[in-house]
Structure formats: C-alpha cells, structure tokens
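Student: Please find one structure pasted underneath; my questions will follow.
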Amino acid sequence: MPQAQLLPSLLLPLLLAACGGGGGGGGGGNNPPPANSPPLARATAPERASPGDTVILDGGDSTDRDGSIASWAWEQAAGPTVTLSGAEGPEASFTAPQVNTLTELSFVLTVTDDDGAEASAQVALRVAPPAGAARFSISGTVLAPAFQDVDGDTNDPANAPVDNNSVDTAQRIGNPVTLGGYVNQPGSGAEGQSSTGGDEDDFFVADLLAGQTVTLLVAEPAEGDADLYLGDLAGNVLDFSVETGDFEQVVAPEDGRYTINVFAFDGATNYILAIGNPVAGNPVAGIPVAGAALPQRPPLVAGEAIVSYEPDSPASQLAELAPDDLAWHMGMRQRGGGPGRARLLATLEAGIERARLGAAAGRGERIADLELRARWETLIQIKRLRNSPGVRDASPNYRLRPLFTPDDPALGYQWHYPLIDLPAAWDVSTGSSEVVVAVIDTGILADHPDIRGQLVPGYDFIRDPQVAGDGDGIDPDPEDTGNTQEAGASSYHGTHVGGTVAAAGNNGTGVAGVAYGARLMPLRAISDEGGTSYDVAQAVRYAAGLANDSGRLPERPADIINLSLGGEGFSNITQALYREVRAAGVIVVAAAGNEASSQPGYPASYEGVISVSAVDAQRRATSYSNRGAFIDVAAPGGDGSRDIAGDGYPDGVLSTGASGAGASLDYAYTFVSGTSMAAPHVSGVIALMKSINPDLGPAAVDELLARGELTADLGSPGRDDLYGHGLIDARRAVNAALASRGDSVQTEARLSASSGSLNFGSERDSLELVLASGGSSPVRVQQLAVSQPWLNVSASDIDANGLGRYTLVVDRGGLADGIYSATLTVQSSANTLQVQVQMAVGDSAGSNLGTLYILLFHPDTGSVVEQFVGRAEDGRYHYRFDNVIAGSYRLFAGTDADNDLLICDPGEACGAWLTTDRPATLQLDSDRDGVDFPADYLVSIPVSQGVDAAPAQLPELSRRQ
C-alpha cells in the first residue's frame, strides 16, 4: 500500500510553487517601519431630495495623511433600496425613490488606504413627497394556485417554522403539487432562522400512484447541493437521486403513501419540489409514459469512478509523479488511465471509503437493498470527488447497453400543441425552410441548441446604445444580450417567442416549434425595458424588404412578421406602414395585449394586422387577455395559476429560453404566459400553410379566417370579442392551404383529444375535453367508458359523429381522503385513445405559498414605495395600500425563502399584475379595488436534463425587513 507520509513531501514543492513560496525574509536594518495611520473618511449629501431627483453622495474629501486613498465603497444602510451608480468611487449617485411620507435614507462610505487600513463615515438625507399631491388607495387579492404549497421551515423568519426535519414530523402534502422550500448546512446561506443551526432535512408525506414522478429542482446549484430520497413510512430508502446539478428525480414503484426527503448535501439553496403525472407522448428524463415499465437507472460499476484533473494543477502534477499516492489520499486506488487523460479509480476497503462519506454516511444505513446501497455509496463518493481540489470532473463507470433516446423529450410538456390539433397537422407538413418568419422582439439566443440552425440573417434596430446594452446602435447582430447588470431581469422574450414559431424539431433535444421546418429572421427592436415605435417600424420595414435605416435589405423578405409586443398609441404613419407591408404580400400577426382591456391596443389593432388573444388549457379566455372588436383569432397563451394537465408544473407555454446573462448564461426551456405566447402559435400555423401554398397572401388568409376554415369556433357562434373567429386549428389550417391550391392529402383516420390527462385536484368538479378528427378521413366516436364509478362523462356540444366538447364530472361523495386515478377510454371507428384522470379527496394540495411580500413599485424611479406582508387565507392574500400618491405604479408579489431580502429569486414564488411576462402599469388617479393577480413558482427546463427553478424575469425587487 502506498505510504501516506510520502504525500506531504511531494505536495510541498508543488504548493510552494503555486503560492510563490520560498525565499528569505524581507527588510533590513534594525529600525521597524513607522506605524500606518488610518485614513479619514468624509461623506456629504444634500439634506433633502424629491422623488426622481439625482442625488450625489460625495466622499472626495476623504484623506490619508501618510499615504493615499486606494479605494472607496458606498453601501446603503437604511431606507427604501436604491441602485447606486459609481459605488466604488469617491462620488456615487442614485435616483431618489418615490415615497408617500417623509423618508430617511442613510449610506456608509468605507475608504481604504494604500496600506490596507479602513475608515468609515455615514451620511443621511430625507426624501419628501410632493406637497398637496392627490392620494388614493389600491387593494386586491393575490391568488395562490390550489396545487402549490410551501416548506414548513424556510429561512425567512416571517414564516413561523413548522418542524419537518424527520420522518416522524414529516409534512403532509398533496398530489399533484409544486412546493417551494429551502435547505442548508449549518453556517451556510443568508442570515435567517436556519443559518446557524442549519436545516439539512425536509421530510414530506404524500400519496403517490405507480409511475408518478417526484422532481427536485435545485434553484441555486452554484450555492448548494441538494439530494432527493423516496422512502416508506418508516424512513427506509426505496429510491434516491444524488446528482450535483439542478435536477433530481425519483419514481413511485407502486400505489402507496411515501416519505420524500430533501437533503442539503452541501451549502444552501432554495428548491422546488414537484409531484405530477408522467407526460403523455414522450418520456422525459426517464419519466415513463402510461403503461410503460418503470425507468431503470443506468447500470454502473459499484465502487469505481472515472476522474479527470485540471491541467497544470498541483493534483494533475502529483497524478503524474505519484498517481497511487494521490488516489489513496482521496480514498481510492488507480486502476487505469494515465498522464493527460482520465483515470479509472476504485474505492478502498469499505471501512475507509464509508468514513469519507461524512454526514451522509448514516443515510446509507437506511437502504436495505445491498445493490442499491452500493450504488448510493458510489455516487456519494463521486460527488465528493467532484468537490476535491484539482479535480475537473468525476463520473460513474457506467455499464453500457443500447438506449432509446426520444426526439424532443420535453414535447410532452407542450400541452398547447394538442389543444390546436398540431400533431395532426404535422402529418401533412412540419414547415419548409423556404418560409421565413420574422420575429421582431428582444433579439435571439442564436446558439441555443433548439434555435441554432433555424435562423436566417437578422438585424438589431435598437438605436439607443444604452437601451440596446451591446455598446452600439443599430447593427447586424440581433443577439439578445440579456441584462448583464441584473441577470434575473433578462427575459429572452424573443427567444421564447421564436421557439414557439420554429424551434428545431425531431432533433432529440428540448421542444419543437409549431413550424419547425421553417426559418426565423430575428430582428431586435426592443429590450427588456421596452423600445420605441420608430425602431419597431424600421424592423418591420426590413422584414418586408422595404427601405429602412440599416441601409440594407434581407436576401428575401419574410413571409410572416410576428409582433409579440405592444403599448403604442394609434399612428396614421404606422397604419400606412402596415398597409404597405400588406401590399408587399407579408402577413403580420400581433399579440392582443395583457391588460384585460377592451380598449384597442397597437400594433395588434391596426388594420391589416391579425390580432391574437389568449386561451388556457381548457380553451377558455385567460383573465389577462385583451378582448374587443379588434380580436381576430385566439391561441394558447397559458395560465400559470393552474395545472390542468396534472404534471406538477404550471400551465404556461413551454418554449426556448435561458437564465442568467453574460458568463452566467444557461440555455433552458421556460414556462411563460401571455398573449405574447399566443401570437407565435398563429404565426407558426400560417408558416405551415405557406409551406404548402407559397402563394397564400394576407387577403387569402383573412378570407379563410373569416370563413372559419382556420379555427375551431369558441364562445358565441361566429365571431365574438373574446376569441375572434375562434381558436386557431392547425389541422384545419393545413387542409385549407391544400384546398387553396386545389389539392388534398389523404391522411389516416384518427381520433384526437385536446388533452391526454386531466387533473381535478381537490377543488374542481368538472373539466372539458374536446374530441376531434385527427386525419382527413371521417371518424366516428363509438363508445366512451370510464374505469371508476366516481367519474362521469357527458356530451356538451357534439356533431353527428360524436366529435366536439364533452364534460367530465367527478363525485367525491363517500370516498376516503386520498389520491384517485381513472381512465376515460374513447373507442372510435379509427382508433382507441385513453385520457388519464386524477382527482384528490381531502386536504387541498396547498393553496399556500407562505409569507408573501406584495410590493408597490414605481417604475419611473425604479423604487419600491410600499410593502404589504401577506399571509394566505384559503389560498388568497388580501392586500391594501392607503394614501398612495397619484401616479404610475406596478404591483409585484413574491416569497423570500432564503431570506436574502430579494423576492422572486429562483425557487421562490412570484407574481405581477397582470402577468410576469409583461407587467402592466397601473394608472392611479382614483381608488382602485379588485386589483387581483396570481403568484406561483416559476420553473424552466434546462438544456442538460430535467426541469430547473427559474428566476422571474423582473427588475431586482428588494423587500424590507
């Protein structure tokens, strides 16, 4: 066996070299240098300021009598949070916040001299509201979705802790559920009620059905590592997931009641725990489809790891000089590999190896299955290897076998595609690369795995370099730079919209676009802060092949322009532009807006523009969607306050996106709701039509739309102000395109359903299902059968073939508390399909997000004016702000599980009036009641695997202590 005492002698010269060690002492002579005198900090500020004033903090008079000031650092000490510019210089500035009462703000200046000594000074000023200003009240309710819940012991002291740290005190939760929580090792994370003693374990109890998944989304994997365990009621471990990234998942082997344990392996992190049904159609990250066998974990060689070292690190050098010594020091022995390549390591005898498992070692004792325990010990050891100095990566030594990798693994979460009968349309066309859709938005993430290869050259038309954030004005690069100052404020709105239109399909990655064979022309005209109608107009002109400020024209004009933006007033000049674009043969589609208003919004309400409203997963108009005489068509926009599919995630529209910005950018797939998400469904369907008949122009599409040939009628018969001419129907649209060229394609008769699964939860009694023909040949519904007596189905509005709307009703009478599942089987003349139904009896699946901070935000000064601390009452958070000065405001709400004084962090609940996608501005010129909006946990699917806890794409929102 290698000798442990050899290791220090080998490491010493390497460590000395790395640290610049060696050499003798400095100095000379017998007189010590004189003692350094600390600097003197001086800070000044005006005594008073008014909201919106630029306030200067001056530390330029700070001195150091025996040297010089090397650095300055300004920090806010008290008052409403402001953003300091120049905080690392002698002079800092900020915009005075909007206030309703005389408010004091204080700041601390710390100066450091050239010898490292520090001194501080504090300065204060008062901000006064305008005298005699009119004042009003705002009140309303923030709604917590019924399927969302909160960990009983987060780090926020405002949440009274409820012990869930052991199997005996496990917290009861519902199914399905999305739950937000927080775990930390002692001494890790922000100061709060668990920062000192730690909160290593959160235990939950839930009733699960066979094949259901429990997913852990680690919100901040760079700050903490959390693991997931599934056990019986005695705490014996039945399954586990112990990765080091942001995704962990276990699967229930059979119907029953289980314990679920979230364990803080290292550091501190928020998390989201999701329980839901497997998605229909495609397995995702090992999730089984209905009727499939439970997923098998990839087999590995117990006790072995493949390790690579960082080049030129002490560990790498030692691995070449004495590989056995280095391996032994890590509790391993080398079995293969060599210099410049990966090494195969094996664990030493069990006693030594288990001693190195640390605090996690006792957890393995609860795993009775010896093979499962050996797997766990191997994976835990690999986690520790990954955290070892000089180790670049460590992975299991997997036993290889043939694997099936499904295409577009997250397609099953795109519930919005079956809603418009898109799979049937794909039997005819998936889009042509000759068809180009211009997306005029915030730009594009060109290297996103599902966007790369889908683009034609675009352009950046943002004239103001400060707004653009890329250091210049208009230029040929439409890349969305995000917000490098506040990464959480980066929406990547254009990437999400573009992905719905034409994200790559059938490529084994992520999602698919509606017309995934078509191409995108990304045109950047707005940033996350908005844009100007002039810049948008220049982008529209470019897309249509008209003269514009770039001085360039595209190789060929776009066929369709998508405008998921709004906010401008009517302009005759802009109206004339859209007439010119229409005359050029370009079809323009725009989002109707998210203000829940019947007032015309532009550009959607311009003549010649197709205005798109939004529906939810039940094909009903969403609460936020605009409505009125200008609405032409409806499409899925999503509703994050519901989970009709029962997959454990909010019913937002899933598409391409990202989190972070700059060096911290991570490509992802995000759930977002809004009419911005509805419009690209329509643009994508029209792209499918143009792929079939390139000669279809704006007038022809308008005529087909008015005749009802592109839609399924909703609401009042014919056109109405909620849905326009109805819900866009991809299958009907491609058939209309075929007919327009005197052609048709005979596809196999097939019955399709608007959803493959329905979740009643514990509160809903009825839901709707639409049965439709999924092919060109006739199909007739012959029989409907339910597998459980508590489920009933009846026809609501059907034709002679039994196609149309059905109502499913559940009867909970006489049923014990628990989770129930049933199957609706529909037999047709062509095929038989099944719809999975889930229902809960007893306690609701949550309706509680914990303490919610509702903030009144003043966009002009970027400041939080007032804060209301709310607590749930039957899933509702009632709030009220009185004596608020008249003006423009936005409303945000969120939790702060990690107690870092910022709401809407990854893994925390978040909401905005009316939607987080595009928060609306409320004009306060009278008392406002009933200002209601939802708050929920925001999640996204990362490119790598699984599902991620996503930050809200909002400004940094600081709450008060």
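From the backbone N, Cα and C atoms, a Cβ is placed for every residue, glycine too.
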Student: Of the ranges 152-175, 176-199, which one does TrEMBL flag as region 'Disordered'?
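Tutor: That would be 152-175, the stretch labelled region 'Disordered' in TrEMBL.
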Student: Work out the three-state DSSP category of D441 (active site, charge relay system).
Tutor: strand
Student: Could you give the residue numbers and ranges of same-chain residues that sit at least 6 residues beyond the region 'Disordered' (25-67) on either side and whose C-beta is under 8 angstroms from one of its C-beta atoms?
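Tutor: Distant Cβ neighbours of the region 'Disordered' (25-67) are 74, 84, 90-99, 107, 109-115, 117-130, 858, 860-861, 863.
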Student: Could you give the number of helix, strand and coil residues in the region 'Disordered' (152-175) as assigned by DSSP?
Tutor: 0 helix, 2 strand, 22 coil
Student: Out of H493, S676, give me whichever of these active-site residues has the highest number of other Cβ atoms within 10 Å.
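Tutor: The largest 10 Å Cβ neighbour count belongs to S676.
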Student: Whole-number Å only: compute the distance from the Cα of S676 (active site, charge relay system) to the Cα of H493 (active site, charge relay system).
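Tutor: Taking the Cα atoms only, S676 (active site, charge relay system) lies 9 Å from H493 (active site, charge relay system).
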Student: Using DSSP, what is the helix/strand/coil residue split across the region 'Disordered' (25-67)?
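Tutor: Counts, helix then strand then coil: 0 helix, 10 strand, 33 coil.
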Student: Between H493 (active site, charge relay system) and D441 (active site, charge relay system), what is the CA-CA distance rounded to a whole number of Å?
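Tutor: Their Cα atoms are separated by 7 Å.
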Student: In sequence order, what residues of the same chain, 6+ apart, have a Cβ less than 8 Å from the Cβ of D441 (active site, charge relay system)?
Tutor: H493, G494, V497, G498, P522, L523, R524, A525, I526, N562, S564, L565
